[in-house]
Structures are given as C-alpha cells and as structure tokens.
Amino acid sequence: MKKVGVIGGGAWGTALALTARRAGRDVVLWAREPQVVDDINVRHVNSDFLPGIDLDPALRATVDLADAADADAVLLVSPAQHLRAAARALAPHWRAGVPAVICSKGIELSTCALMQDAIAAELPQAPIAVLSGPTFAIEVARGLPTAITLACAAPELGRKLVEALGTASFRPYLSDDLVGAQIGGAVKNVLAIACGIVEGRGLGDNARAALITRGLAEMTRLAMAKGGRPETLMGLSGLGDLILTASSTQSRNYSWASPWARAAPWPTSWASAIR
C-alpha cells in the first residue's frame, strides 16, 4: 500500500496521518476547515487541533474528498455521529476494493448501529477494518510507544494494513473480531464518565476499581451478545482502552465528569444531566 487517505483533520486524524507518513506512505489528509488545510500545507502544523507538533512536510492536506479517496486505503476519522455522512459523501469517489479503516469510536445514536454497519450501508464496495485501542492522539503524534488493535475479517488485507501503518513506536495487533473491537471502543467512554464521577464525588479508589472491573464484565457480555469474542475485550481495544480512558486526566470524558461531579448538587442535577 503506497498511498493512504485520511478523512478528518482533528487531533486523531492528524496523528494517524503523521504515523502513516512515518511508516513510509504517501498521505493525503482531508479536513473540512480551509484554515487547517492551509496550516498543514504551508506551516506544517495543525495549530487548531494538535498544537505543538511539527508535521512531516510531505504530509499533504486537502479539502477535496476525491483527492483523499484516491488511495490504497482510507482511514475514516470523522466523529462517530458524523461518520455515516462522511462515508455517503465519499461514496461517489470510492474505488471498489479500497479498504475503509474505521478509526472513530461510538455507536450511532439515531440507529444504535455499530460504525461497521453504518459504513457498510454507505460503502458496500469497501472491505472494512477497525482501528481501536488505548491511544491519546498527542502521544501518538510525539512518537511515544503505542499498541492498538487492527481488526479485519480478511487476514491478508489485515496484514497489509498492519504493514502500512506500523512503525517502531506504533504497533497494530491484528484481530478478526470487528464487533468486539468496536464495542470496547464505544462502551469505555461511558465507563470513563462514570469513573470521573466517582473521582469527583470522592468515592475512593475502591469504588473506581469496582466500576472498571464490573464495567468490563458488562462490556464483555454486550460484545458477546452482538457476536464479539470475550478475549477481544481483554485486549487492547477493551481492557487497555478502558484503563487508559477511565484513569487519565488526558481523557476528555474522565476529565469532564470529575469536576462536574464535584460541583453538581446531589441528586437533582444528575437526573437532569442524564436526560
């Protein structure tokens, strides 16, 4: 795989584009914002979403979806609730057989569909893979050691994608359990918010440990009910992602919930927030 397209010019999309460049690929990054494209192409930074990181001058950004879709593999890094719309916009430009690598974590609110199902509906000609695991974009961009799950039903394609993205500091581990990888990446966000609440209310480390452990058990049961395998949830895209997101102040879900819970009156505002 010589050329990789990346759809999404946020922190994670930019970090993945930089990783693919380090792996020796030609990379075109699509961003919605013209100022982000200009920042990347002219100043070789993404000051809006990934400040403080110098980008490879050979990394090229564009506002043209067709340009980014003209690749040997395309990473879909738009926010989960907008991923279907992004795939629909890409469909006229997509060549049959080009893999779509889902790099966004979540479950579609309007349909309760996994990202895999949403993308398959819009890009039926695309083989699908999922990239998910314990990753903060800033650490990946800095080249700090990172391991991640790459799930793909086709073993040969999976190996090609691992080779296309893997570097000395970014290690994809191949799996064929797309469902398990997606459930882990989505549900850990809910548990991270819950752990932030535990921290904010001063309920202690015992409570957080219990929440992570029992949350993992529920996450595993959900994955199995959807056709995933329990061992996937014990790996990088399950337990690994959960530990990272539910215990670090770099986690947006955890860091949002903790101060909110500290300040919120109990219990009336909780019901309001849930609604």
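Positions of Cβ are set from backbone N, Cα and C atoms, glycine also.
On a predicted model such as this, the values are computed, not experimentally measured, just so you know.
Noted in Swiss-Prot for the protein shown:
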BINDING   Trp12, Arg32, Lys105, Ala137, Arg252  NADPH binding site
BINDING   Lys105, Gly133, Thr135, Lys188, Asp241, Ser251, Arg252, Asn253  sn-glycerol 3-phosphate binding site
ACT_SITE  Lys188  active site, proton acceptor
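Everything Swiss-Prot records as a feature, shown here on the structure.
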residue	record	DSSP (3 states)
Trp12	NADPH binding site	helix
Arg32	NADPH binding site	coil
Lys105	NADPH binding site	coil
Gly133	sn-glycerol 3-phosphate binding site	coil
Lys188	sn-glycerol 3-phosphate binding site	helix
Asp241	sn-glycerol 3-phosphate binding site	helix
Ser251	sn-glycerol 3-phosphate binding site	coil
- Query: Can you name the residues of this chain that are 6 or more positions from Asp241 (sn-glycerol 3-phosphate binding site) yet have a C-beta less than 8 Å from its C-beta?
  - Reply: Ser132, Gly133, Pro134, Thr135, Gly184, Gly185, Lys188
- Item | Rounded to the nearest Å - Cα separation of Trp12 (NADPH binding site) and Asn253 (sn-glycerol 3-phosphate binding site) | 16
- Task: Mind checking which of Thr135, Ser251, Asn253 has the fewest other CB atoms within 10 A of its CB? They're the binding-site residues.
- Result: Asn253
- Task: May I ask which residues of the same chain, at least 6 positions away in sequence, place their Cβ under 8 angstroms from the Cβ of Lys105 (NADPH binding site)?
- Result: Ala80, Met115, Ser132, Gln182, Gly185, Ala186, Lys188, Asn189
- Among Lys105, Gly133, Thr135, Lys188, Asp241, Ser251, Arg252, Asn253, which the record lists as binding sn-glycerol 3-phosphate, the farthest-apart pair of C-alpha atoms sits at a distance in angstrom of 16
- Whole-number Å distance separating the Cα atoms of Ser251 (sn-glycerol 3-phosphate binding site) and Arg32 (NADPH binding site) is 24
- Task: Sort out for me which one of Arg32, Lys188, Arg252 has the most neighbouring CB atoms within 10 A, since those are the binding-site residues we care about.
- Result: Lys188
- Across all the protein chains here, work out how many other Cβ atoms are within 10 Å of the Cβ of Ala137 (NADPH binding site). 20
- Count the other Cβ atoms sitting within 10 Å of the Cβ of Trp12 (NADPH binding site), across every protein chain shown. 26
- Site extent for NADPH, whole Å (max Cα pair distance, Trp12, Arg32, Lys105, Ala137, Arg252): 22
